[in-house]
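As written in Swiss-Prot, here are the features:
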type	residues	note
BINDING	Gly39, Glu40, Asn41, Gly42, Ala43, Gly44, Lys45, Ser46	ATP binding site
DOMAIN	7-242	domain 'ABC transporter 1'
DOMAIN	259-503	domain 'ABC transporter 2'
Amino acid sequence: MANETVIQMIDVTKRFGDFVANDKVNLELKKGEIHALLGENGAGKSTLMNILSGLLEPSEGEVHVKGKLENIDSPSKAANLGIGMVHQHFMLVDAFTVTENIILGNEVTKGINLDLKTAKKKILELSERYGLSVEPDALIRDISVGQQQRVEILKTLYRGADILIFDEPTAVLTPAEITELMQIMKNLIKEGKSIILITHKLDEIRAVADRITVIRRGKSIDTVELGDKTNQELAELMVGRSVSFITEKAAAQPKDVVLEIKDLNIKESRGSLKVKGLSLDVRAGEIVGVAGIDGNGQTELVKAITGLTKVDSGSIKLHNKDITNQRPRKITEQSVGHVPEDRHRDGLVLEMTVAENIALQTYYKPPMSKYGFLDYNKINSHARELMEEFDVRGAGEWVSASSLSGGNQQKAIIAREIDRNPDLLIVSQPTRGLDVGAIEYIHKRLIQARDEGKAVLVISFELDEILNVSDRIAVIHDGQIQGIVSPETTTKQELGILMVGGNINE
């Protein structure tokens, strides 16, 4: 039945102590639809879906599955009800193969041995049916992020899920992988599945969703048909105010060169060159955006500038002083700020509090420490100020960084680095995982940093972002700068040509 309701969440409330993450939220999913759950960072989307998938239990409210009231008290209970969740941060074992990860906890045996042959056969059948091409014998650590996500989807299908929850599924994907994922979702719907898509990316909602439920600060605001609202109206429902998609900025007034990179060569672990004779400069008072397909040397370039990887030849100068192959802290102390690409691995210590993370670069200096002792009153009060200024939402500065949503973790890192007032600010994927309101704010802060005379280097896979904030755009391909162009005179299509090694002047 086309209009059959498969999920009904009624007045669902979830409290963590005094903090209310979900406040009487209502959500209905119909069979065969893609229902987008739209909300800004920390709105309570993931909490609500963790309740539906059995990771959390509600404080109040009801959950009905296929017309029956259910107590979903564990992921296994959710799986038995046909509910599967594809998490934003993949739950895979790097040292295991694709097959071993998919069958983990649901192993097929033949006598006392694993029946991998039967498992592989089923995986290949599912893979072909839904357009989820994978190599069953490949190790997880050897496949791309997009491939790893396919493994997560296959895990849910292998367990018989017909209701799939996608939690911010495009946060770590390249544009090409995003397009592939949208098609995979459509394939799943054709095969009778139903999908809840947690996101704050309006273009992706336009591409696949049928209906949208908007959540703001833990409350369900409205459920609308896709065609009933413009992107502007959806953004305003999501954040509760008017939002601008294009950041206004005056023409840059670049001054002296702050960062100068000349003939840079960097080898990867297997000995081949990852960065090849790359030269680039960034001046005070400008934003240089680096555009390129993931894996073309951007990560190695940033690691070299920040002292996290060895340069084989060439030079990196800061204010005309050579900093090539210096230690990371020494580079940081020369007024370099760095927002890393991977916030979990390189940006935060998840077990530490938000306040401790904000103080990571300054804890050993006054006023954060005195006579060799940490001043926790100062550390906590400073964190509270920054959390308010940058709208980092959570129960308080004393909670662990792991308890924040992905977007709020990113805002905490950006707050820490901008607060240090660096001469050079390097920002990798500045708005990955952020909602439209937060994106608008971060873009304004980057432009403000530029206007205050800072040199800003932005690395992003989001071409709209690169075009929006940059004064010059350097396109990287195969470890080399393919071209440096102006955002005013270059289209996304032309950037795409440069990103694959083409020439736009032919």
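Glycine is treated like the rest: Cβ placed from N, Cα and C.
Bear in mind that the values here come from a model prediction, so they are computed numbers and not experimental data.
Where Swiss-Prot records a feature, it is marked here on the structure.
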| residue | record | Cβ neighbours (10 Å) |
| --- | --- | --- |
| Gly39 | ATP binding site | 28 |
| Glu40 | ATP binding site | 26 |
| Asn41 | ATP binding site | 24 |
| Gly42 | ATP binding site | 23 |
| Ala43 | ATP binding site | 30 |
| Gly44 | ATP binding site | 23 |
| Lys45 | ATP binding site | 26 |
| Ser46 | ATP binding site | 25 |
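According to its DSSP assignment, Gly39 (ATP binding site) is in a strand. For the recorded ATP site, residues Gly39, Glu40, Asn41, Gly42, Ala43, Gly44, Lys45, Ser46 set the reference point as the centre of their Cβ atoms, and the other residues of that chain within 8 Å of it by Cβ are His200, Ile215, Ser405, Gly407, Asp435.
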